[in-house]
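Here's what TrEMBL has on this protein:
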ACT_SITE  H71  active site, proton acceptor
BINDING   D72, V75, G77, D79, S81, E93  Ca(2+) 1 binding site
BINDING   P170  substrate binding site
BINDING   H200  heme b binding site
BINDING   T201, D248, T251, D256  Ca(2+) 2 binding site
DISULFID  C40-C120  disulfide bond
DISULFID  C73-C78  disulfide bond
DISULFID  C126-C326  disulfide bond
DISULFID  C207-C237  disulfide bond
DOMAIN    30-330  domain 'Plant heme peroxidase family profile'
SITE      R67  site 'Transition state stabilizer'
Amino acid sequence: MGTSRDIDAPVAAIVLLIVMTSMTFVARAELTSDYYNQSCPSLFSIVEQQVQTAVANEARMAASLVRLHFHDCFVQGCDASVLLRNATGIESEQCAFANKDSLRGFDVIDTIKSAVEAACPNTVSCADILALASHDSAIQAGLTNNYTVLLGRLDSLTSAGIAVANQFLPSPLFNHSSLVQNFANVSLNETDLVALSGAHTIGRVNCSFLTGPTAILDALNNISINSNFDANVTQACDANDTSLQNLDLTTPDTFDNSYFSNLQNNEGILISDQTLYNTSGALSVSIVDNFVANQDQFFTQFALSTIKMGNLSPPNGTQGEIRTDCKFVNSNSSAQRLVATE
């Protein structure tokens, strides 16, 4: 699904700034499906095996890895900046509101990266590993519409920081208009919004996002929640305010379209979920209805929207590298930089 871009796009689109090391960098301009066919032919099988193992050990990990790729791409493009930890000159995006104490799967990415480095040293970016791990996680959980993962990204040399991440990441407390604007900020439309929100057909949410002021926000945003459903969630969270609740009560570990059926029944667990169906006159309402009636339509659009999101690039002139450790920039990064000029 989707078409690969021309791998022979002009190399002039990438300008070498400084070469003070013997390490060879491959200049990359356009993303392509066969980018690593020669340089790391075992890449796909390595990532697939590691994801299968991680999801078999913990079903929730599939949702966590899909979310990691999403949260990476929404902040300064798909460049693995979300993986960077706090360090000198770097303020980690992991401390942003939508990430703190909820974003996970970093250890799985580290394991995948180690296995890839052993097979193909200094070749595969962490950003590309995030894209592949997200794809394989969705497939492992039940997405039957396979899609082509386009590759050839570079890893960022810095993090966008907390303030920028807070600006660009959607909040679970957003209403419909805020979500539409948030997606438009990164050139994604309302169809993309609903399709990518459908990833909430798997995964869990901490009760801390469901209690307290959220009830007031429900009322202000005209979010109508099924009373029995609301009472059950409230009771569970009152009993343990650090417990996890399924985002999809019907089939929480299976990638299907039941998330959208839940919205029709006013059983969306987050404001940002239920607002897609409770906003009168919104395009999202008809899209939800369509995805309920046709699961394959949802699967197809999820794949298309994920590819579109995966094409989000860092700003022009952003420098990058292939990190050997996804958590930190390379120790000699100042001497190993490329800059995209397209």
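Backbone N, Cα and C atoms are what each Cβ position is placed from, and that goes for glycine too.
Keep in mind that TrEMBL annotations are predicted by a computer and have not been checked by a curator.
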Query raised in the report: Which chain neighbours of the Ca(2+) 1 site, leaving out D72, V75, G77, D79, S81, E93, have a Cβ atom within 8 Å of the mean position of the site's Cβ atoms?
Result: H71, C73, F74, Q76, C78, A80, V82, S156, S159, A160, P314
Query raised in the report: Given the Ca(2+) 2 site residues T201, D248, T251, D256, which other residues of that chain have a Cβ within 8 Å of the mean position of their Cβ atoms, reported in sequence order?
Result: G142, I202, T250, P252, D253, T254, F255, N257, S258, Y259
Report task. Whole-number Å only: compute the distance from the Cα of V75 (Ca(2+) 1 binding site) to the Cα of the residue listed as 'substrate binding site'. Result -> 10
Report summary line: For D79 (Ca(2+) 1 binding site), the spatially nearest of the recorded positions R67, T201, D256, using Cα atoms, is R67
**Report entry** Sparsest-packed of the listed recorded positions (C73, V75, C78, C120, C237) - C-beta count within 10 angstroms
**Finding:** C120
**Report entry** Spatial neighbours of H71 (active site, proton acceptor), counting only the recorded positions C78, P170, H200, T201, D248 and Cα distances within 10 Å
**Finding:** C78, P170
**Report entry** From recorded positions C40, S81, C120, H200, the one whose Cα lies nearest C326 (disulfide bond)
**Finding:** S81
Report summary line: Quick tally, other C-beta within 10 angstroms, C40, C126, C207, C326; top of the disulfide-bonded residues is C126
Query raised in the report: Can you give the mean pLDDT for the domain 'Plant heme peroxidase family profile' (30-330), rounded to a whole number?
Result: 93
Requested in this report: Find the one among the binding-site residues H200, T201, T251, D256 whose C-alpha lies closest to that of G77 (Ca(2+) 1 binding site).
Outcome: H200
Query raised in the report: Which one is it: of the recorded positions C40, C73, S81, C126, D248, whose Cα lies the shortest distance from the Cα of P170 (substrate binding site)?
Result: C73
Query raised in the report: For E93 (Ca(2+) 1 binding site), which residues in the same chain are close in space, meaning a Cβ under 8 Å from its Cβ, but six or more apart along the sequence?
Result: H71, V75, S81, V82, L84, N99, S159, A160, G161, I162, V164, A165
**Report entry** Other C-beta atoms that fall within 10 angstroms of the C-beta of D256 (Ca(2+) 2 binding site)
**Finding:** 20
Requested in this report: Consider the recorded positions C120, H200, C207, D248 and say which one has the Cα lying nearest the Cα of C73 (disulfide bond).
Outcome: H200
